[in-house]
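Colleague: Below: one structure in structure tokens.
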Amino acid sequence: QDDQEWDFVLVSDIHQMGSEKEIKRKKFLDELSKKGFTIKKIEDGKLFHGVRAPKWIFRKYRWLLRNPDSRLQSSDANHDVPVTTRIRIVNFILQNTVTPDLEKLRDLMKKNVFEAAFPLHKKEEKSLFLKEKWARWRDIFCQQPIENIRGYFGEKVALYFAWLGWYTYLLGIAAVVGLLIFVAGITVFSSSQVSKEICEANTTIMCPLCDEKCPFWLLSDTCTYAKVTHMIDNEGTVLFAMFMAIWATVFLELWKRQRATVVTSWDLYMWDEDEEELAMELINNPLHEPKQYQHSYFRSTVVLLLVLLMIAVLIGIAHALVIYRVMAMALFTQSSFEFIREQANTVAVVTGAVLHYLTIVIMTKVNRRVALYLCDLEKPRTFSQRENNFTMKIFTFQFFTNFSSLIYIAFFLGRVNGRPGNYVRIAGKWRLEECHPSGCITDLFIQMAIIMILKQTISNLMEYLVPWLTYKLHKRQKHPKKRNMMLGEEEEAEDPCKELWMSNYQLNEVNIFSLFDEFLEMVIQYSFTTIFVAAFPLAPLLAFFNNLFEIRLDAIKMIQLRRRMVPRKANDIGIWLQVLEAIGILAVIGNGLVIAITSDFIPMQVYKYTYSPCMTDNSTTVDCSTGYINHSLSVFHIQDFEPHMKLPEKLPDFAGHEIREYRDYRNADDYSYTVQFWHVFAARLAFLILFEHVALCIKLIAAWYVPDVPQSVNNFILDEKYSKLQKEL
């Protein structure tokens, strides 16, 4: 028989005759034979059982799920179901065949009766074609053959690649805009009045940044840092944040159109998953009773409480990272190396970011376990329902894992640490970190850059190298056998199936979540590119280059390094669409907060239009932000420091008057907030409300303006309905 005929291969160890495992295996295979399956056995270090389903199964499937009108034309049963459907039905029957001991394949695999079950990769034109145009590094800029992917891996995988391609395509636009804004920042804004003032402030003495061994310092020491900050923190970024909020909406609206077009051409627009599942259940077991829908408020409450508990743990980890940075800062400032002492702040931020990346890697594994456990508690009815529940939970956990530390840096760092003489301390000992005098946005920029670059380099390398190396090792272990055949022995004719089954067995195994993992990775990346984009305008560019590789990486993994996935039918990307829409709204809120709270955009505008020389002296010759830096610093008397604070021994010579400065709006006598503080505070809130409402309105208008379903699709469905009714008439 031709190797094409075998639908599935079951692999097991060679058990002793009469052992419990062997009996269980026999019982399972007997059940399959009763259903009319053909089974072929090959031994080669392991036991391979090829399984082929009888023709009537597919006829029954076609008959149950036929369109009422198609019965007339295609009553001939020779019209075969596509390969993907064939594999899906066989997989369903294998998974749901029950032995007399009431065990299914999954239970048998847990007990090591079977080691693996997989459909075969076909060596025919499919994989050749895919290799030619798809699964190769040099095709990075080629169109993807979505139709062929669908014919080989099923609709769900094809929709993932269609979505990924579309997302990458539109990222290109955002990347260009982001790059332009960044370049504009480097050229236009680095020579801004504010950074000029910081560089010339060589008489402004600032309070020490830590309790011991930290000198008083001059504001002009931070000249370069200020220039870097103003490259990121300028008027351009406000526009870019607005642009990205609109981009996210337009991207999703256009994707809905794209999806409708693709799915209609596959004739799946009105497809119903429940019906499909019931049909397969009935083919497998005509006496099957459908599982009823159920919902228990008690269960939902338990799950909700556990989810909240898990989120609390994740936020606790973010706190631990904060404490690490505070203590690292204290240690680095007392270090014996001069470089570390001077760059203590940057070193603490960088090591903190690397540590954060490590917690992301570890917690991803933990989150998955927890999410699976919570899913089992809920007892979902169908596979797709289970997948949706799982998606929501793991995305929530991953979101907090990835973003809790960034949220702290963006919105709390330097706002909760008190003032000189009255610092907020951890355990009454360590001072909380402060923002840099030129603003907190650079800390956020560093953290984002490190995490994105590490995620995209190390994670991608691991994602490709691990399967590649395991595949190579498997091949090495299996090959040496052939050579030490004794020459004299007559070799029986080699079974053509043997080699094919063996080569498929050596590939990496796939599980239900193989595709899910790819999606999760992309959605987290999508949140990085949209949520804090105001602080890191290069995010879309990094994501764009990453995705060009990601498409080919996933393709190569699926074709060459992994066993064939069981194809699944789908007519959209499922609950991920809601997740992406939620991220779109979070992006508006996040960027609004970054501009209102993290960046110095608002205080500068308030200064320009109320306190600046332009307003007070009506002089139009000077730059309006002149004097902003002096205005944003407050005066502090040294004698008011806490008693246990060790002051640096040698005060600079010109410090006769006992006055130092720090960054805040406070009065010189009793350190209470000044009027300006409340003025800026009100402006921040007003801007936040304005930005969010304007952005959300634009999002709504964009969503209304671009219809979800293209006219061509609507007309096509209309014609179908019309012709059907006409036929009935």
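Glycine residues also receive a Cβ, built from the backbone N, Cα and C atoms like all the rest.
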Colleague: Looking at the ranges 430-457, 570-597, which is given as transmembrane segment in TrEMBL?
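Modeller: That would be 570-597, per the transmembrane segment entry in TrEMBL.
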Colleague: In TrEMBL, which of 344-363, 684-703 is tagged transmembrane segment?
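Modeller: It is 344-363 that TrEMBL annotates as transmembrane segment.
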Colleague: Take the transmembrane segment (523-549) and find every residue of the same chain, 6 or more past its ends, with a Cβ under 8 Å from one of its Cβ atoms.
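Modeller: 140-141, 164, 167-168, 171-172, 174-175, 177-179, 181-182, 185, 232, 236-238, 240-241, 244-245, 247-248, 395, 398-399, 402-403, 406, 410, 441, 444-445, 448-449, 451-453, 455-456, 460, 576, 579-580, 583-584, 586-587, 590-591, 594-595, 598-599.
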Colleague: Which residues, given as numbers and ranges, are at least 6 beyond the ends of the transmembrane segment (157-186) yet have a Cβ under 8 Å from it?
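Modeller: For the transmembrane segment (157-186), the nonlocal Cβ contacts are 143-144, 146-147, 149-150, 230-232, 234, 236-237, 239-240, 243-244, 247, 250-251, 254-255, 258-259, 262, 515, 518-519, 522, 526, 529, 533, 537-541, 543-544, 547-548, 550-551, 554-555, 558, 565, 567-568, 570, 572-573.
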Colleague: Residues of the same chain, at least six outside the transmembrane segment (394-413), with any C-beta under 8 angstroms of its C-beta?
Modeller: 307, 310-311, 314-315, 317-318, 321-322, 352, 356, 359-360, 363-364, 367-368, 370-371, 433, 435, 440, 443-444, 447-448, 451, 520, 523-524, 527-528, 531-532, 535, 579, 590, 593-594, 597-598
Colleague: State the residues, same chain only, that lie 6 or more residues beyond the ends of the transmembrane segment (570-597) and have a CB under 8 A from a CB inside it; answer 'none' if no residue qualifies.
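Modeller: Residues 155-156, 159-160, 163, 237-238, 241-242, 244-245, 248-249, 252, 256, 259, 263, 266, 268-269, 271, 384, 387-388, 391-392, 395, 410-411, 415, 441, 444, 519, 523, 526-527, 530-535, 684-685, 687-688, 691-692, 695-696, 699 contact the transmembrane segment (570-597) from elsewhere in the chain.
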Colleague: Report, as numbers and ranges, every residue of the chain located at least six residues beyond the transmembrane segment (301-324) whose Cβ falls under 8 Å of a Cβ in that stretch; write 'none' if there are none.
Modeller: 352, 355-356, 359, 363, 367, 370, 374, 377-378, 393, 396-397, 400-401, 404-405, 407-408, 426, 430, 432-433
